[in-house]
Amino acid sequence: MGTSIKANVLALFLFYLLSPTVFSVSDDGLIRIGLKKRKVDRIDQLRGRRALMEGNARKDFGFRGTVRDSGSAVVALTNDRDTSYFGEIGIGTPPQKFTVIFDTGSSVLWVPSSKCINSKACRAHSMYESSDSSTYKENGTFGAIIYGTGSITGFFSQDSVTIGDLVVKEQDFIEATDEADNVFLHRLFDGILGLSFQTISVPVWYNMLNQGLVKERRFSFWLNRNVDEEEGGELVFGGLDPNHFRGDHTYVPVTYQYYWQFGIGDVLIGDKSTGFCAPGCQAFADSGTSLLSGPTAIVTQINHAIGANGVMNQQCKTVVSRYGRDIIEMLRSKIQPDKICSHMKLCTFDGARDVSSIIESVVDKNNDKSSGGIHDEMCTFCEMAVVWMQNEIKQSETEDNIINYANELCEHLSTSSEELQVDCNTLSSMPNVSFTIGGKKFGLTPEQYILKVGKGEATQCISGFTAMDATLLGPLWILGDVFMRPYHTVFDYGNLLVGFAEAA
């Protein structure tokens, strides 16, 4: 899951899980795996909500893993009511079965170890037993992955990994001997299989290529949007299934070989530019993230436009009321936007950082509430106000309208871990939200970016947009499952491209 665990962000009344595994080979040579389903009770639903509120829908950028002292395969995915997609692998000989998240936001494979005796999270899941495998090779090197809300630690081992009918030999992976219970205890998967670029160990995907197991140097995801169907989705190694997309893919080059990262252009709410990414932003497609995360300044505008109710932040309103008209005057006087807040002594830097890089955890419940922390928040709110007001000035809005709009946005600020609810009866009046990728607009309808939890009168509607500001990579969007459901996604390792086409 990359650098911070991507959560089951919503809970559910019924959950569909993999069924007795059935392997089949179709006429196109692709291998498919049968699915099963299982009911989950109300307790599981509440646990899923708790995981969200603990902030697990957010990445902690900068993967902090540490090390110390000839065909194609199709993996069927299970759709956890639109909150996560996972499938089954085997480790060892004979294969020991594990359910894993196939995660394009990280590169390491880990599963619980039988030597994990003090963690409830380990005991609640399948655990790898090295003594039961004839192909196990000892390594013993310490390994750890630190997430935003917890961590796993353990040691590296080596064994065969079975995916579909492919057997990847001598694969390094972490046997987790300790897992953060608050993060992993109630998860419906055992471990994570990373599909990003190599960091501290050779990824499974690299070994597939090195061992000549796939025809093409690319893999692709199709995520089924119909949660009531048994088939949750499909991951194809070594190619793509033409039955799961329409038209041609739009490809963009990978800009940073750590995540599957690429450049995007403007983000639009309806037909209106938000302006922030018009000069260019970075994004990456992340199969291990449930929602769609982006810069607070823009996500706040989106959630305001769809009527999502978040946290009223009085400090934000204080900045707008005290400094808003001065900000407008400076913007109209053509003062460089990234210097305005330092001119007003709200920020200590002078244009050295972009807006997104200084928005760290504005409303993080764990923030230090010292005077220094408060000063940083005032700086952050000022920078966000500059972004909002600059865009409204471009729309020729009056000063009063700009101030009122900024105050409204303050009311819709939220933490990355907070559920933002909308009125389920207003979906038809909500705008589409579009991302410009490769010069083409990829739109999301309300039905695609709003997630529904529950049934009947108990149904709740949740915004699929969550705020998250990267501190190292600048303004960044994580295009998670909310985006990958409507768009079939190709990860082309051979040409270092990411491609999107309408899913079928």
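Each residue, glycine too, has its Cβ placed from N, Cα and C.
Over all protein chains present, the Cβ of ASP103 (active site) has 25 other Cβ atoms lying within 10 Å. Marked as active site by Swiss-Prot: ASP103 (among others).
Per Swiss-Prot, the feature active site maps to ASP286 (among others); the stated evidence is similarity to another entry. DSSP gives ASP286 (active site) a coil state; it is part of no helix or strand. The Cβ neighbour count for ASP286 (active site), using a 10 Å radius and every protein chain shown, is 30.
Residues annotated as disulfide bond in Swiss-Prot, with experimental evidence given as evidence: CYS116-CYS122 (among others). DSSP assigns CYS116 (disulfide bond) to coil in the three-state reduction, outside any helix or strand.
Under a cutoff of 8 A between CB atoms, and with a sequence separation of 6+ in the same chain, the neighbours of CYS277 (disulfide bond) are ILE264, GLY265, ASP266, VAL267, ILE298, THR436, PRO475, TRP477. What Swiss-Prot lists as disulfide bond is CYS277-CYS281 (among others).
Under the heading disulfide bond, Swiss-Prot lists CYS316-CYS410 (among others). Secondary structure at CYS410 (disulfide bond), taken from DSSP and collapsed to helix, strand or coil, is helix. Its own atom aside, the Cβ of CYS410 (disulfide bond) has 26 Cβ atoms within 10 angstroms in the protein chains shown.
The disulfide bond annotation in Swiss-Prot covers CYS341-CYS382 (among others) and is backed by sequence analysis. Cβ-based neighbour count (10 Å, all protein chains) for CYS382 (disulfide bond) stands at 24.
Annotation source Swiss-Prot lists disulfide bond at CYS347-CYS379 (among others). DSSP gives CYS347 (disulfide bond) a coil state; it is part of no helix or strand.
Non-local contacts of CYS461 (disulfide bond) by the CB criterion (under 8 A, 6+ apart in sequence, same chain) comprise GLN421, VAL422, ASP423, CYS424, LEU427, ILE450, LEU451, LYS452, VAL453. Annotation source Swiss-Prot lists disulfide bond at CYS424-CYS461 (among others), citing experimental evidence.
Sequence annotations record features per position, and here Swiss-Prot assigns domain 'Peptidase A1' to 85-501.
Confidence across the domain 'Saposin B-type' (311-416), taken as the mean pLDDT and rounded to a whole number, stands at 74. The domain 'Saposin B-type' annotation in Swiss-Prot covers 311-416 and rests on similarity to another entry.
Taking Cβ-Cβ distances under 8 Å and a sequence gap of 6 or more within the same chain, the neighbours of ASN139 (N-linked glycosylation site) are PHE155, PHE156, SER157, GLN158, ASP172. What Swiss-Prot records for ASN139 (among others) is N-linked glycosylation site.
Sequence annotations record features per position, and here Swiss-Prot assigns N-linked glycosylation site to ASN432 (among others). For ASN432 (N-linked glycosylation site), applying a Cβ distance below 8 Å and a minimum sequence separation of six or more within one chain yields GLY270, GLY443, LEU444, THR445, PRO446.
What Swiss-Prot records for 1-24 is signal peptide.
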Name the one residue among CYS122, CYS281, ASP286, CYS316, CYS410 whose Cα is closest in three-dimensional space to that of CYS379 (disulfide bond); these are the recorded positions. CYS316
Near CYS316 (disulfide bond), which residues of its own chain have a C-beta under 8 A away, given they sit six or more steps off in sequence? PHE381, MET384, ALA385, LEU409, CYS410, LEU413
For ASP286 (active site), the closest of the recorded positions by C-alpha position, picking from ASP103, CYS122, CYS341, CYS347, is ASP103
What's the CA to CA span in angstrom from CYS116 (disulfide bond) over to CYS382 (disulfide bond)? 47
Restricting the comparison to the recorded positions ASP103, CYS122, CYS281, CYS347, which residue's C-alpha is spatially nearest the C-alpha of CYS341 (disulfide bond)? CYS347
Per the 10 Å Cα distance test against CYS382 (disulfide bond), the recorded positions ASP103, CYS122, CYS281, CYS347 reduce to CYS347
Number of other Cβ atoms within 10 Å of the Cβ of CYS424 (disulfide bond) across all protein chains: 13
